[in-house]
Amino acid sequence: NNYCKIKCRSGIHTLCKYGTSTKPNCGKNVVKASGLTKQENLEILKQHNEFRQKVARGLETRGNPGPQPPAKSMNTLVWNDELAQIAQVWANQCNYGHDNCRNSAKYSVGQNIAEGSTSADNFVNVSNMVKMWEDEVKDYQYGSPKNKLNKVGHYTQMVWAKTKEIGCGSEDYIEDGWHRHYLVCNYGPAGNVGNEPIYERK
């Protein structure tokens, strides 16, 4: 498998380690649903692009302090099935956290993850999970070296101007009586690179 040849800063590529099958690999956990529907893919993409536009136009009033400045330019994201496959294989492992190596031949790949847990079999809406990433903007100060990635890193990846493509995967499973809803989105090229600004201000 060609993914075994892809180099990352650390670890073996997710698709080399676990193979390219998108079947769940959750051990003793009971899988309720695996993967996103076409409709959910479209919703996630639309939500990202609408939020990127809002920020780029200078209409996001939240921040620390707000509002966020408008952007000189920001790519419109398109869906990428390869990024989605890599995200799905990782979600299938039911192991909440970031994988070590998820790059494609084309890009270094960034990642956002979210998990919702409910005690009953309640449906967790993917758009609410994406909204959690958007809401990190309340702690973000444009251009400040004091921003902490563990507080705002999902937001900054969402609006990283140079990112062009996105692909996501999900797993709904039961672990220790809890219903876990796990969402993984991969982004190419990756955001949150060194000291680069998330976007150039207008």
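For all residues, glycine too, the Cβ spot is worked out from N, Cα and C.
Partner cysteine of Cys16, as given in Swiss-Prot, is Cys4 (from among Cys4, Cys94, Cys101, disulfide bond). For Cys26, the disulfide partner named by Swiss-Prot among Cys8, Cys94 is Cys94.
Annotated pair Cys4 (disulfide bond) and Cys168 (disulfide bond), C-alpha to C-alpha distance, rounded: 21 Å. Counting other Cβ atoms within 10 Å of each Cβ, the lowest count among the disulfide-bonded residues Cys4, Cys8, Cys16, Cys26, Cys168 belongs to Cys4. The number of other Cβ atoms within 10 Å of the Cβ belonging to Cys101 (disulfide bond), over all protein chains shown, comes to 19.
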